[in-house]
């Protein structure tokens, strides 16, 4: 039996793989404007603080390969081939779509490695993929828009919260902070579902883990003058401590799916500076990365998308 071929377009933000790639990467994020030496030095220092470069590039590769393998195990009649498309560094999203076309792929399914939909992220990734496909005449792409409430995703974080709580003696004095990457506040005016989806994710995990001490915050906001979604996780940490006297903070950056700069620096360094200053305990559960239970989650999301009537 001839297997049907489907392209698996896995999209993500991207990260520099070497120190030399930091400047072009940052320039692309800034829409072609080169960063000042001061900004470049600041970003480079952050990377150096987590070991030189982010482990994200390898993790994203591992996630795409593992997802391809899992889907090929699940389907007897379909052969999946994964293509990585990145937002700010090669291989760009457009490169991946072109490669699928070159490989003779006529049908594809796409997923962004970010659970919550926003006009800034998922809509823009999917838009770029569809635009390129239209421009070059294929392949036809079915796109996943969000998976923030996928039961296997929620269960991953429920297990992480439970495992972390098991290490804490005074559980009544522990608080979980659920967070995602902040975006400009103006998205709320456009009716963007991003903030509400993060809240729903937090509520579902809290319910599953049976916790009532939790809050939602935002992190890693951009370096621009416009207002960004808040409260920032560092400010939130101080407020929660002052209001409730918590002695343990558990940071769950559920808007992210891997160890990278925003987690390894913004959480593990910047938030820990705050908890150390307050004299309280810092906990940050393991990120999904390419763990089998997370790959199962992504595969389930893809299965559901393919089962939809077009």
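Using the three backbone atoms N, Cα and C, a Cβ is placed for every residue, glycine included.
Copied from Swiss-Prot, the annotated features are:
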type    : residues                : note
BINDING : 13, 30, 46, 47, 54, 125 : Fe-coproporphyrin III binding site
BINDING : 181, 262                : Fe(2+) binding site
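Scoring each of the binding-site residues (30, 46, 181) by how many neighbouring Cβ atoms lie within 10 Å, the top position goes to 181. The distance from the Cα of residue 181 (Fe(2+) binding site) to the Cα of residue 13 (Fe-coproporphyrin III binding site) comes to 12 Å. Cβ neighbour density within 10 Å is lowest for 13 among the binding-site residues 13, 125.
In the three-state DSSP classification, residue 262 (Fe(2+) binding site) falls within a helix. Sequence-distant neighbours of residue 47 (Fe-coproporphyrin III binding site) (same chain, 6+ apart, CB under 8 A from its CB) are 16, 19, 22, 53, 54, 261. Taking only the Cα positions, the spacing between residue 30 (Fe-coproporphyrin III binding site) and residue 262 (Fe(2+) binding site) is 18 angstrom. Taking every pair among 13, 30, 46, 47, 54, 125, the residues listed as contacting Fe-coproporphyrin III, the largest Cα to Cα separation comes to 26 Å.
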